Amino acid sequence: MAKQRQAWLDYVRFFSIFLVIVFHTPPRLPLLDNAVVLNLRVPVFFCISGFLYSIDRWSGFKQYALHRSKQIVVPYVTFFLIFYPLWLVVGRRLGDHPQVAALKPLWEMLLGDPKVVLPTFWYLSCLYAMQLLYYWVERLVPRRWLMVATVLLSGCAFVAFELQHSRIEYAWWRFWNVGNALRFMPFYALGNCFKRQLSALSFTSWRTVAGYAVLALLSVVGMAAVAPLDTSDNPLYMLCRIPAGLMVIPAYFGVAKWLAARLGHSKVVEFVTVSGTVYLGLQNYFIDAAKLLLTRVCGAGYAVDHAWLKLVIAVAVMAAIYPVAWLVDRYTPWLIGKGKYFDKY
């Protein structure tokens with residue numbers, strides 16, 4: 001039973017990692033990326049993190065914070081220490097980067113709001129802030145009101161952002177992405193508060209399949225309708241992401257369980273999920289390498305608006321990162337907070 005449960009969780013995380021790579025892979029297809037892919041990755045990542053969280057595992061906040069720091073802050077820092085010097089030597093000479101101050105990425109890293117070097121690690125800083133905040137919310141709020149409390153906190157974060165985001169570049173909500181942590185916390189609470197219900201999601205009948213499909217379709221239609229607002233920094237776009245993300249989760253989990261029931265446990269899928277941080281950190285560099293290769297072989301016009309090309313590049317990037325992730329796991333596990341020293345904590 002435990003192995004079957006882990007199998008479907010692995011499939012959920014595997015496809016979430018793949019969709020993150022798809023989202024960042026050219027060609028850019030605004031409707032597909034903003035209405036479908038975006039809605040299938042961030043909400044599910046946070047929901048699964050909440051699903052795996054258990055208050056009973058920790059004797060106190062110090063032990064919990066130390067464990068989260070080992071798994072999140074350590075790779076956040078080590079990867080930055082690798083790629084920041086590379087950016088100074090190579091990356092800063094490309095594109096608009098010569099206009100960026102040399103110390104700006106370091107400042108962003110300390111703030112937990114990376115944008116120049118390892119911008120995809122915003123997720124790590126956001127998850128770290130979210131988990132530390134949720135630890136206290138769970139202890140201060142009765143469990144039956146946890147979901148409501150996180151929705152209210154999310155609403156307050158939206159209001160605060162709209163009132164102040166144009167005035168101060170680095171306000172409180174940008175410190176370790178606290179603002180995004182509060183805004184996306186309902187997904188984390190959903191995974192944590194409704195474990196039994198989420199575990200029961202499956203394609204038990206055609207009526208169930210139809211219900212999940214309708215919810216997912218409504219989610220896509222809703223996001224497609226507001227997708228143009230993403231370019232105008234309209235708060236309605238961000239507000240719609242919350243219900244749209246919640247609506248797509250039943251179908252996502254149902255598909256993962258269907259695959260797990262038929263394909264069973266996969267060592268490849270499991271390894272990719274436990275190497276998620278490596279994939280998150282390396283994806284943009286491998287995607288850039290693929291873009292350079294395609295430009296050299298096919299010319300600048302290769303990036304036509306074809307979804308199939310986007311998927312092919314994403315699959316190739318996913319496969320190319322795998323051996324690097326294996327080498328990290330085998331020979332330098334300390335880069336991602338693993339190994340003999342970190343296993344003590």
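For all residues, glycine too, the Cβ spot is worked out from N, Cα and C.
Where the annotation comes from TrEMBL, it is an automatic prediction and has not been curated.
Source: prediction; values computed, not measured.
Per TrEMBL, these features apply:
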DOMAIN    7-328  domain 'Acyltransferase 3'
TRANSMEM  7-24  transmembrane segment
TRANSMEM  36-53  transmembrane segment
TRANSMEM  73-90  transmembrane segment
TRANSMEM  116-137  transmembrane segment
TRANSMEM  144-161  transmembrane segment
TRANSMEM  173-194  transmembrane segment
TRANSMEM  206-229  transmembrane segment
TRANSMEM  235-256  transmembrane segment
TRANSMEM  268-287  transmembrane segment
TRANSMEM  307-328  transmembrane segment
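Using the rule of three or more Cβ pairs under 8 Å, pairs at least 6 apart in sequence, the transmembrane segment (268-287) is not in contact with the transmembrane segment (235-256).
Contact between the transmembrane segment (36-53) and the transmembrane segment (116-137) is supported: at least 3 Cβ pairs lie under 8 Å, counting only residues 6 or more apart in sequence.
By the Cβ criterion (under 8 Å, sequence separation of 6 or more), the transmembrane segment (144-161) is not in contact with the transmembrane segment (307-328), since fewer than 3 such pairs are found.
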